[in-house]
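*Asks:* Okay, these came from Swiss-Prot:
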DOMAIN    3-246  domain 'ABC transporter'
BINDING   40, 41, 42, 43, 44, 45, 46, 47  ATP binding site
């Protein structure tokens with residue numbers, strides 16, 4: 001299900017003295033089945049942008065097309081319920097939205113709300129809890145007896161139980177330790193590959209953006225600043241830093257090595273493994289001569 005933003009603008013509290021423009025002239029497409037990252041400094045418009053994907057926000061100008069659904073300025077979209085079934089959104093700290101007596105009831109809430117029978121919803125809950133790497137035995141427990149990481153996985157299972165075609169992730173690993181962050185990101189990538197889900201990730205973690213995303217959209221002051229593959233985007237390191245966007249750690253190390261040893265590493269290195277390989281290649285080609293001079 002392809003998603004397209006066409007000249008989208010969004011203003012909060014439009015036509016009031018408190019009006020604030022959050023998005024303008026946003027033209028971007030997310031073809032079906034891809035893995036995308038949206039990055040940018042705080043306040044760049046990332047979260048406002050993704051709230052247009054399932055009709056939580058409506059453009060002030062322009063159109064957002066999600067598959068067969070059109071959300072346009074001044075026109076009320078009548079079929080938001082089927083749209084919200086197809087576009088699952090995992091907001092920051094989704095565990096704060098848990099409220100039912102048991103894990104099973106919490107996961108079943110979404111499917112039953114969309115008209116699925118109780119028995120079918122229970123089956124979906126069993127499938128979803130296994131997708132997020134939890135044991136089915138937890139279905140009978142209160143979600144509030146679980147660890148923070150388990151609660152987050154339960155909340156994500158509630159989104160997956162609705163079998164969305166698009167999964168939107170807004171800082172999904174916020175507050176987790178490094179091990180938990182890595183496990184969750186690997187889980188999302190596995191779902192993307194095995195289920196063919198379109199994934200749109202909003203993140204401040206540049207390592208995750210570089211590692212997982214096929215295309216990266218850089219937002220700045222409410223509009224698209226850059227778009228391309230990780231290699232293309234992070235080749236503009238100086239420009240990114242000027243607008244407050246961090247760089248992957250491997251690029252920071254690359255710069256430090258170049259400055260310290262007086263060598264040039266031409267290729268953008270987006271992982272420490274890539275960096276190690278490129279340093280070895282440069283030294284083999286005679287880059288060590290620069291080091292000794």
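Positions of Cβ are set from backbone N, Cα and C atoms, glycine also.
Keep in mind it's a predicted model, so treat the numbers as computed, not measured.
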*Asks:* When you measure from the Cβ of residue 43 (ATP binding site), how many other Cβ atoms are you left with inside 10 Å?
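*Replies:* Result for residue 43 (ATP binding site): 14 neighbouring Cβ atoms inside 10 Å.
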*Asks:* Minimum Cβ neighbour count within 10 Å among the binding-site residues 40, 45: which residue?
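*Replies:* Per-residue Cβ counts within 10 Å for the binding-site residues 40, 45 bottom out at 45.
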*Asks:* Fewest neighbouring Cβ atoms within 10 Å: which of the binding-site residues 42, 44, 47?
*Replies:* 42
*Asks:* Take the domain 'ABC transporter' (3-246) and average the pLDDT across it for me.
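*Replies:* Value for the domain 'ABC transporter' (3-246), mean pLDDT as a whole number: 94.
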*Asks:* Within the same chain, and leaving aside 40, 41, 42, 43, 44, 45, 46, 47, name every residue whose CB is within 8 angstroms of the centroid of the CB atoms belonging to the recorded ATP site, in sequence order.
*Replies:* 219
*Asks:* Which entry in the list of binding-site residues, 41, 46, has its Cβ near the fewest other Cβ atoms, using 10 Å as the limit?
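*Replies:* Candidates: the binding-site residues 41, 46. Fewest Cβ atoms within 10 Å: 41.
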